[in-house]
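Note sheet for the following structure.
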Amino acid sequence: MESSILERCFSQSKKEGRIALMPFIMAGDPDVNTSAEILIMLEKKGADIIELGIPYSDPLADGPIIQKAASRALNSGTSPKSVLEMLSTLKTKLSVPIILFTYSNPLLNYGMEEFCIDASKAGAAGLVVPDLPLEETEKLSSIALSKNLDLVLLVAPTTPKERMRKISQRSNGFTYLVSVTGVTGERSALENRVQLLINELRGFSSTPVAVGFGISDTKHVIQVKRWGADGAIIGSALVKRISNATTGQEAEEAGKFCSELYKATSL
């Protein structure tokens, strides 16, 4: 089977001796136009793949920082449709692959097939749906793949081994390894068992492994690279920088942080 755009991205960063840098931002925080500027800036400052969150009112997997960002985005009128429309306008300006991070409820409300069609037209490369159980991924995966979208599945430290094997073999693009038990958020240290989980996933499939939830600084990026991960996903720490930025300086602040993180990808 031909490799996907995401898999090619991981191959490229590996060739360069780097771990892929994968920042996450919440679309519409503070508004969709600023999100568009931030996406362009992140690509400019070294992002290999960007995760774009679609705001939802009940984000079970997310900690307080991302929950607040989702609230701000919803209050500014952001919807799945407005996110995809914004993404469409960037097709000629962005070449970095975009993964849409959405919960199953907004996806089902939109219509699974319609969402995949519109996401693909808007130029997205993949989807992450954190609350979709493995047993329900088959239909979405087949629709997504038919529209050239990878459906990325998540593995947590609490996932039983046999289930972990199934997830890693069914995940497309990469396997999303959740580094901690619980919700997204900044952590001061990463647990050593993340390394064991990376090794276990390596034994199950050749799909790249990206680590997220709790990666918040250059030290963590270096750590997961040494542990053998293919990608480092940085969410809450970046979302916090954006929310703390002076109005009009959000893209600038995001770019500075991305530059710092990028330097760590080859260490």
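Each residue, glycine too, has its Cβ placed from N, Cα and C.
Now, the feature entries from Swiss-Prot:
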ACT_SITE  Glu51  active site, proton acceptor
ACT_SITE  Asp62  active site, proton acceptor
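Between the C-alpha atoms of Asp62 (active site, proton acceptor) and Glu51 (active site, proton acceptor), the distance comes to 14 Å. In sequence order, Met22, Pro23, Phe24, Ile25, Ile98, Ile99, Leu100, Phe101, Val128, Ile233, Gly235 constitute the residues six or more apart from Glu51 (active site, proton acceptor) in its chain with CB-CB distances below 8 Å. DSSP assigns Glu51 (active site, proton acceptor) to a strand.
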